[in-house]
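Database features (TrEMBL):
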type: ACT_SITE; residues: Cys176; note: active site, glycyl thioester intermediate
type: BINDING; residues: 27-32, Asp51, 59-62, Lys75, 120-125; note: ATP binding site
type: BINDING; residues: Cys161, Cys164, Cys432, Cys435; note: Zn(2+) binding site
type: DOMAIN; residues: 14-434; note: domain 'THIF-type NAD/FAD binding fold'
type: DOMAIN; residues: 311-371; note: domain 'Ubiquitin-activating enzyme SCCH'
type: DOMAIN; residues: 442-519; note: domain 'Ubiquitin/SUMO-activating enzyme ubiquitin-like'
type: REGION; residues: 541-595; note: region 'Disordered'
Amino acid sequence: MTRDTYLKRSLGTQAKRIKESRVLLVGAGGIGCELLKNLLLTGFGEVHLIDLDTIDLSNLNRQFLFRHEHIKRSKALVAREVAQTFQPSANIVAHHANIKDSQFNVDWFATFDVVFNALDNLDARRHVNRMCLAADVPLVESGTTGFNGQVQVIKKGKTECYDCNSKEAPKSFPVCTIRSTPSQPIHCIVWAKSYLLPELFGTSEADTEEFDYSADADNATEIENLQKEARALKEIRQSIGTAEFTQKVFEKVFQEDINRLCGMEDMWKTRKAPKPLDFAQLNEELSTVEPGISSVDQRVWTTSENMFVFKDSLDRLSKRLKTLQESAEDNSQAILTFDKDDVDTLDFVTASANLRAEIFEIEPKSKFDTKQMAGNIIPAIATTNAMTAGLCVLMSLKVLKDDYENAKMVFLERSGARAINSEKPNAPNPNCPVCSVTNAKVKTDLKRATLNDLIENVLRQQLEYGEEFSVSTEQGTIYDPDLDDNLPKKLSELGIAESSFLTVVDEDDEQPRVNLQLVVVAPAESASQEQPIVLDKVPEIPRKPKAPTPAPENGHVNGTTNLGKRKRDAEEDGLDGDPPTKRVANVTISDGVDKAHPIDLMEDEGGAILIDD
């Protein structure tokens, strides 16, 4: 029998709907690899995959689609290539790009039936959440941290969105970091801790018999570059303990590698290119640095001080490694690893991360802050990723049936009586700044449109806003009644590009309207547009609901007294009555295991057994 036959038997008529579906998977990491496999084996007809990352040695223990020969190649492209081998008929489209690029606009998102988020970046997750809401496309959001995981279905107007509840920046970070385009201090710290330190004093990516530089005719240039890089790293390791060691390391990672990145012009179209550091210049400035600077851990070091600590820590670590190699029977066992309480490795990671931060114009961190951030890195667990990916597909099947009431929020936990727990999806938060807004598109000629065009032609004339309102972008406020300096500026000068979001807040004292979220879209090439900026469609913007009257403090409301917690009604307890064709076989399990969740025997599904979670 063919695989399709089993799918039809398992899924029934829904198998056809799944095969005709077009879905987007954002992220090809730990969850993404498992999810791509699940989507293909479930029969999804067209899968688009997008990821900016390249494959790192640390990914291989849990991202099963990748092998040693794939290191430094695009995750998205390799995932497509490998997945195609076990599902040749699948239509997989891979994008090695940033999901925030302007090419992935609202209209593009609207072409998908379901979007799956498998990201570990808070900013990118919020962006995908906002794009799916603007495009009115259901989103299956997921994430894991160690043994914990969660899956959430997000649908505009039906469930709460990713931003309905405020989220703090994560205190622990997965070791799946951006090697080429860091944007936060933690990216630089992870690079120094999990890449540079092991390359020099631990297990190198090239020091393994399994590392295979396959002679691929279609990828000859990339293979040649990888071989050059591997040889350079081996030469540097061989010079440990020599006078030239520090300069070789510096020029390799802070000059040569950065110059190579600068040569990838496509990568820097939407962001600022890095600037390599000059070894000779920084070396001349070392005479002004206090020798005991590494003990100053509460303030951020200057670039010269970072250079001093970088050289000093490299020298200390080199001597330690040489001593280990002399005493060890096997040189392969003589390695140094990071420990937040190891002064030498902490100094090296702090200085290296700050020098890299200087290159990418990222805020540097003190030694104290680096110790906190580096010590909180939690390794990902393959089993958690696999379970989470499976739950994502189960939730997507309910989404395709428009069964959002049963598309529950699911949580994985190591502690407790049950590994998997769930709850009904929550309703949207009426005060959410993201999903409680009215969405609209503005066709904008960014070469001509000014902020004044937006304020006068669109907001005041077309939408009839009064005097009291403000306009902001993701970077901050660009207009309010007391801030009109930007009016003559072009929108492009204010950092606004295609797919940018503009939030309009009505500040009328009496009955303001809900916030308006405008998405900037480019006009069609064939369209002749007299005005530089026009609404695609005039939206209806409702008024904000009036704040409810606070309840009396004595607990009396409308002649009744609240004496305590009310009893749950039948519907909340799941006792709202079963369909005639449904029999419930209650399962009794001892030893404290949950007994309240029955196994449902569905007669109209040919006796299929469904576990009602």
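The backbone N, Cα and C atoms fix where each Cβ goes, and this holds for glycine too.
Secondary structure of the domain 'Ubiquitin-activating enzyme SCCH' (311-371) per DSSP, as helix, strand and coil residue counts: 42 helix, 0 strand, 19 coil.
Distance from the CA of Asp123 (ATP binding site) to the CA of Cys164 (Zn(2+) binding site) is 15 Å.
Apart from Cys161, Cys164, Cys432, Cys435, the residues listed for Zn(2+), the same chain places the Cβ atoms of Leu133, Glu160, Tyr162, Asp163, Pro428, Asn429, Val434, Ser436 within 8 Å of the centroid of those Cβ atoms.
The separation of Cys161 (Zn(2+) binding site) from Asn61 (ATP binding site), Cα to Cα, is 32 Å.
Each of the binding-site residues Gly27, Gly30 was scored by how many other Cβ atoms lie within 10 Å of its Cβ, and the smallest score goes to Gly30. Summary for the binding-site residues Asp51, Asp120, Asp123: the Cβ-based neighbour count within 10 Å is maximal at Asp51. Within 10 Å of the C-beta atom of Cys435 (Zn(2+) binding site) sit 24 other C-beta atoms, taking all shown protein chains into account.
The Cβ of Cys161 (Zn(2+) binding site) lies under 8 Å from the Cβ of Asn129, Leu133, Ile154, Pro428, Cys432, Val434, Cys435, each of which sits 6+ residues away along the same chain. Per DSSP, the secondary structure of the domain 'Ubiquitin/SUMO-activating enzyme ubiquitin-like' (442-519) breaks down as 16 helix, 27 strand, 35 coil. Taking each Cβ in turn and tallying the other Cβ atoms within 10 Å, the top scorer among the binding-site residues Cys164, Cys432 is Cys164.
The average pLDDT computed over the domain 'Ubiquitin-activating enzyme SCCH' (311-371) stands at 88.
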